[in-house]
Amino acid sequence: MRLLILSLLFTSTLAWFYGRDEPDRWSVGGVWPLPQKIIYGSKNRTLTYDKIGIDLGDKKDCDILLSMADSYMNKWLFPFPVEMKTGGTEDFIITVTVKEECPGGPPVHGASEEYLLRVSLSEAVINAQTVWGALRAMETLSQLVFYDQKSQEYQIRTAEIFDKPRFPVRGIMIDSSRHFLSVNVIKRQLEIMSMNKLNVLHWHLVDSESFPYTSVKFPELHGVGAYTARHVYSREDIADIIAFARLRGIRVIPEFDLPGHTSSWRGRKGFLTECFDEKGEETFLPNLVDPMNEANFDFISEFLEEVTETFPDQFLHLGGDEVSDYIVECWVRNKKIRKFMEEKGFGNDTVLLENYFFEKLYAIVEKLKLKRKPIFWQEVFDNNIPDPNSVIHIWKGNTHEEIYEQVKNITSQNFPVIVSACWYLNYIKYGADWRDEIKGTAPSNSRPRASAAAERLWSPAEKTQRAEDAWPRMHELRCRLVSRGYRIQPNNNPDYCPFEFDEPPATKSEL
């Protein structure tokens, strides 16, 4: 009987549990996101810290490439907590050649991120049109490096790689209004984004709840609207984040939502309408801009001039979503607003009042000294008349089919689109919810994690169809990021990493 029980236990272990992937099923030198074309060599090369170098050629004074060389040489190429071996190998030089000059500002929309990478037993060669392509190539090269447990040494896989992104906008939105995020937390997010080849930080800076953006021209905004005096981003903080993002090939697009989601703008007197409940009593919860007050449009113009001087990206997100949530309370029940609508010939049609506001906003954007391309949430397309120069941001849709239909409808009218409806990263499900479909759930409800979205936005569609094929590379990516010091959540079934995340030891003052 004892032998039979032992045999049954052993058989279950071999099959692993319930047909799941083995907990140590990770790739070796796998690249994430998957490149356009990658051909691995048959041999690997041993690497030691003292025998590796980076040659930047005629771009040796470029701050972006210097920062890249420092980060990878001193942190990311050798991330695992093992004793570093030295000597015993020939020199291994990474030569970086970039055609275009080193840019003084952040990347612009559509800038090339294409690169060629060749890793042989004697050297590595990176060729790119821009420094942004060189950044992506260096991250790819770092992922070819792995730690061999048997020989106890770092090795790099030989390979030839051609790569470029599938889409030019691959971003993550952070909301620092509802939940304030420290500068260091945002920087950590930017680091991880660059390691996944994401290139846009959509910064939802302000909302109904708080106004953490520090305005020089209008200090009353953050003075009244911020949670506290400590929960703000100073001018130096914002410049620091933009500069930090630039060194990692990431653009920062700010969002200032108008005319709704504006309760935190209450520091500006006369900017918001009075709102009323069903009994006609004021609620003192204003959340819509007062379109009657002509001075408000002068204020918006001055404010956006400051915003464009602060954020260099050529795109400016101006929201426009969920206006209907506040219309009855703040416009329909407001006698002054109704009288204004009658005077303008709008009758009871609040859509015409919305269009009135947006038309004046479009005129303001058009006259900005530093020209910007506006982005609006999809309601501005669905309910209003968007400016022909606008980009429409899709965030709604209950099924893939609805989202595809929305994209088709908008692009057929010659509007560029940004699609976010497919991947709400805050919608967390049990289990491996980064996969496109979880057994037993509707495909429209499963949400991938950011790394999964990053691969679908970068890699060829035909090569990224099966989560089962991607899983070993994602497992290796997670373990690499964990060793780099980031708390990356487990992304599949029960598994482990060769080196797990660990907190630094407590200091005496913490004990």
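Here the Cβ of each residue, glycine as well, is placed from N, Cα and C on the backbone.
The signal peptide annotation in TrEMBL covers 1-15. Summarising the annotation, TrEMBL assigns disulfide bond to Cys62-Cys102, Cys275-Cys330, Cys479-Cys497. Annotation source TrEMBL lists domain 'Beta-hexosaminidase eukaryotic type N-terminal' at 89-144. Look at TrEMBL and you will find 167-433 tagged as domain 'Glycoside hydrolase family 20 catalytic'. According to TrEMBL, the feature active site, proton donor maps to Glu322. Look at TrEMBL and you will find 441-463 tagged as region 'Disordered'. TrEMBL lists 442-454 with the feature compositional bias 'Low complexity'.
Closest to Cys479 (disulfide bond) by Cα-Cα distance, out of the recorded positions Cys62, Cys275, Glu322, Cys330, is Cys62. Here the Cα atom of Cys102 (disulfide bond) is found 38 Å from that of Cys497 (disulfide bond). Among the disulfide-bonded residues listed here, namely Cys62, Cys275, Cys330, Cys62 has its C-alpha nearest to that of Cys497 (disulfide bond). Counting other Cβ atoms within 10 Å of each Cβ, the lowest count among the disulfide-bonded residues Cys62, Cys102 belongs to Cys102.
Counting every protein chain shown, the number of other Cβ atoms lying within 10 Å of the Cβ of Cys330 (disulfide bond) is 25. A separation of roughly 16 Å, to the nearest angstrom, links the Cα atoms of Cys275 (disulfide bond) and the residue listed as 'active site, proton donor'. A straight line from the CA of Cys62 (disulfide bond) to the CA of Cys330 (disulfide bond) spans 53 Å.
Across the fold, the C-alpha of Cys330 (disulfide bond) and the C-alpha of Glu322 (active site, proton donor) stand 13 Å from each other.
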